[in-house]
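Comments concern the structure below.
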Amino acid sequence: MAVLNIIKLIFVTGVISGIFTELTAGQNCGCAANECCSEFGFCGPAGDPAYCGSGCREGPCTPPTDVNVADIVTPEFFNGILNQGDCPGKNFYSRGAFLDALSSYDRFGRAGTQDDSKREIAAFFAHASHETERFCFTEEKDGATKNYCNETDIQYPCAPGKLYYGRGPLQLTWNYNYGPAGQENNFDGLNNPEIVANDPAVSFRTALWYWMRSVHKIITSGQGFGATIQAINGALECGNPAESGKVDSRVNYYTNYCTQLGVAPGDNLRC
């Protein structure tokens with residue numbers, strides 16, 4: 001996600017802006033007893049994952065499994081990821097900050113079977129490891145020289161003098177991501193984007209915010225790790241021979257972490 005692709009630009013400015021417009025319009029569901037209120041504020045039938053699954057607000061929501069993510073992301077697993085070099089992220093990212101952020105996203109790693117949980121966790125940390133070089137960096141290299149302001153987004157307008165380059169475990173970029181990520185996590189993402197690289201818990205919360213909205217349903221529906229690459233940086237990396245090394249990096253991290261967690265990585269590893 002170091003450089004968000006054009007597809008993501010179109011998707012987020014169009015679809016996500018539409019989503020938040022819908023959210024405003026339908027946020028007080030008042031659904032019938034046998035209906036769920038979806039994460040976007042709409043009523044739907046019980047059992048329908050679009051309404052009762054991830055993000056369900058009220059009604060007969062599908063509960064997350066009883067998997068304890070902390071038992072999978074052990075100190076040994078997390079600390080084994082950390083880059084041991086002299087890097088800015090060495091004393092920034094921590095398992096404690098991850099678990100703190102996890103309390104805001106209790107469905108992460110808790111969909112499907114125990115193996116499904118392990119694959120989602122391995123996928124998340126694989127992408128984070130690639131984006132930050134194993135939690136070595138809190139900010140995108142040379143990010144300040146790049147323009148991640150979409151001036152056409154009137155819902156989340158860029159603040160004067162603020163830069164929305166990659167920060168955090170998944171390198172959150174663009175004003176249209178900083179804005180809603182901040183809204184959901186109680187910080188001003190447009191006027192204070194720097195907090196994503198200054199507060200470890202906020203940093204992980206923004207990564208989980210992005211993951212739960214753009215990747216969670218992909219990995220938990222069995223589409224495979226390759227589809228998560230497509231969701232995060234597909235237009236730049238997928239099908240581009242010049243960027244095949246980045247795909248290799250993501251896949252290698254994923255298969256390595258799956259091995260550590262004792263789970264088969266599944267099919268469709270590449271994009």
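Numbering starts at 1 and runs along the chain as displayed.
The backbone N, Cα and C atoms fix where each Cβ goes, and this holds for glycine too.
Automatic, uncurated: that is what TrEMBL annotation is.
The disulfide partner of Cys36, as annotated in TrEMBL and taken from the candidates Cys29, Cys31, Cys43, Cys52, is Cys52. Here TrEMBL annotates a disulfide bond for Cys271; of Cys158, Cys238, the partner residue is Cys238. With Cys36 (disulfide bond) as the anchor, the candidate disulfide-bonded residues are Cys43, Cys136, Cys149, and the one with the nearest CA is Cys43.
The disulfide-bonded residues shown are Cys31, Cys87, Cys149; of these, the one with its CA atom nearest the CA of Glu131 (active site, proton donor) is Cys87. Taking Cβ-Cβ distances under 8 Å and a sequence gap of 6 or more within the same chain, the neighbours of Cys87 (disulfide bond) are Glu133, Phe135, Cys136, Phe137.
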